[in-house]
Amino acid sequence: MQGPPQPGQMPSPEQIAHMQRQLAADAEKAGMTVPQFIEQLKKQAMEQQQRMREQQQAQQQQQQAGQPQPIVPGPPNPVALALAKFLRGQNLKPRTCILNGERKDMFKVKRALRALESPEYAKARTKNPALPEITDRASLENAFKLLPMSMLALRVTKADEHEGHDHAPVPPKKGKRVKGLWTVRIEPQQEAREDMYYVWLWEGSQVMRKVYAALALLVIFAIVLYPLWPTKLRQGVYYLSWGFLIFLGLFFAMAIIRVILFCITYFVLSPGFWLFPNLWEDVSVIESFKPVWAWHDPNPKKKKKSKPSAAVASSSAQATFSAATGQAAPATATTTATATQITTDAHQRSYLNPRVEELPDDE
């Protein structure tokens, strides 16, 4: 009797006949036919493979429990949407950037992580249990990674404006901050380090925007249908439009009259006066008409210069003292924002020592 075939070796006809007899005997013991027994063996093998697969997945999850998970983009889920809604309501100091020719809001990862660690997030989680729980650094990063995994926000970097041109790349200038909007591009590697930037692709609920657009369409449609309005409504709009035009006409007429009045009073009652002098000033509407009139001020007051400092006063006193005694004035130092200058009095070189002259006695 031959034994079972070795792995990779074709069984002989005798071995095949022996296996068939063994299979028929096992099926007879189980009370089944050979085909039924074979189907049962297949089911048992599939169940065993499924259990092994589940065990492997459980082991992998246990190993990854303390490590950040890799980012694999997929469709949005309710947990990611709740997280995005919370972060959208926080002050992440977003910046406007250009992505594929469209304006998008860009934020830094560290500000989003701070928002997820804030007390506001804990309060929001008590109201909305769908928000993920954050206990350590790994769970914090895994919660943030729900955004790129659901395609709600993606990591971007600043794109080179000269990319794709024939000339060599222009090196950036050191120590000079580039003003204006960044043109960014999406990075293939979606990571979550604190110094990285992300762009919002999810703009939140669009219900109010759709409502405003519908209202704008209704207003335009109503204006187009003006000939079909009721007679009283058209008369009311007609009178309102005339009232608005009359108001504008009176306003511009008043502006012209005040200039003419100033020109007349400038020669008759010098220096002239203005009607509503604050009309064109950067003040509120009510303050624009206060006072009603005022005299023209040809020399408007300027800001008073600051008084000389104590150092300047002391230096002038020293110069006066040296002039009276004949001694050289000491050097004075004046410090400015740019350099320190040492100055001396220009008159110290022309000083003469005092002399005593005797006058002749009167005879």
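Placed from the backbone N, Cα and C atoms, the Cβ positions cover glycine too.
Unlike curated records, TrEMBL annotations are generated automatically.
Taken straight from TrEMBL:
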COMPBIAS  1-10  compositional bias 'Pro residues'
REGION    1-78  region 'Disordered'
COMPBIAS  40-54  compositional bias 'Basic and acidic residues'
COMPBIAS  55-69  compositional bias 'Low complexity'
TRANSMEM  211-229  transmembrane segment
TRANSMEM  241-269  transmembrane segment
Counts by DSSP class (helix H/G/I, strand E/B, coil) across the compositional bias 'Basic and acidic residues' (40-54): 15 helix, 0 strand, 0 coil
Beyond the flanks of the transmembrane segment (211-229) by at least 6 residues, Cβ under 8 Å: 237
Residue numbers, six or more beyond the limits of the compositional bias 'Basic and acidic residues' (40-54), whose CB comes under 8 Å of its CB atoms: 30, 32
Residues of the parent chain within Cβ reach of the transmembrane segment (241-269), under 8 Å, 6 or more residues beyond its termini: 275-276, 279, 296
